[in-house]
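K.L.:
Below you'll find the structure I mean.
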Amino acid sequence: MPVIAGIDEAGRGCCIGPLVMAVATIDIDNLQKLSEIGVKDSKELSPKKRENLFSKLKKILKEYKFVKIEAAELNSLMLRKSLNEIEAIKAAYLLQKLEYRPLVAYIDSPDPLQSNFAKRIKNYLEFPLELYAYHKADQLFPIVSAASIIAKVVRDRAIEKLAKAYRQYGNLGSGYAHDEFTIAFLKRYVKKNKKLPEFARTEWITTQRILDNEFQRKLF
RNA sequence: CGUUGCCGUAGA
DNA sequence: TCTACGGCAACG
């Protein structure tokens, strides 16, 4: 039975927590079931809907894998590689972790040049594969939507866990730079510990700015 | 600097 | 549907 694969990411832009990538595969005969249970772009779904669909997906998918690229790993990798390159490496890693090799794979492209991203992934792939990178792939291909739901759920759970563990510093917020709660949280942490938390992305200008402000303050 | 893409977040 | 905000990345 031919198998198709979809890959998507979650949490690329935020300055806190892991970037999550997920791959989902399905027998082509079951493809229609994805639409039947309401699978679509994860951004159009509420957290509750996403959790619910994740449960249903486990029964329909051939298999799924995900990888959490923790902030500390990102901080280290980004010194020498771009985020797009890192995502290409992890996409290839996910595909190679599959037990059943897909006939074809679709992936959401963070690169404006879609073919560029596909080639990048193939550089790291140890077997030939029909691989297509498209913009808005999570809207165009239900199997990519499925991957986006998995990635998003995994990341939301990770953020929720961090928020609970570091409740003492206040509301962690969404983890994105435009979120006033996230900024206040980081400022509070840096003021108390004189450094960024391990789960903060140091290569983001947002976190650098917070660090700089604290050092400036210490000079006076 | 501009364009584009991805990640999002909030509001009507 | 539409608006606003802000991270990183590729190309010109």
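Using N, Cα and C of the backbone, Cβ positions are placed for all residues, glycine too.
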K.L.:
Have a look through A:Asp27, A:Asp29, A:Asp41, A:Asp108 and flag the one TrEMBL assigns to the divalent metal cation site that A:Asp8, A:Glu9 belong to.
P.N.:
A:Asp108
K.L.:
For divalent metal cation, what surrounds A:Asp8, A:Glu9, A:Asp108 with a Cβ no more than 8 Å from their Cβ centroid?
P.N.:
A:Ile7, A:Ala10, A:Met21, A:Ala22, A:Ile107, A:Pro110, A:Ala137, A:Asp138, A:Val144, A:Ala147, A:Ser148, A:Ala151
K.L.:
Using a Cβ-Cβ cut-off under 8 angstroms and a sequence gap of six or more, which residues of the chain neighbour A:Asp108 (divalent metal cation binding site)?
P.N.:
A:Ile7, A:Asp8, A:Glu9, A:Ala133, A:Tyr134, A:His135, A:Lys136, A:Ala137, A:Asp138, A:Val144, A:Ser148
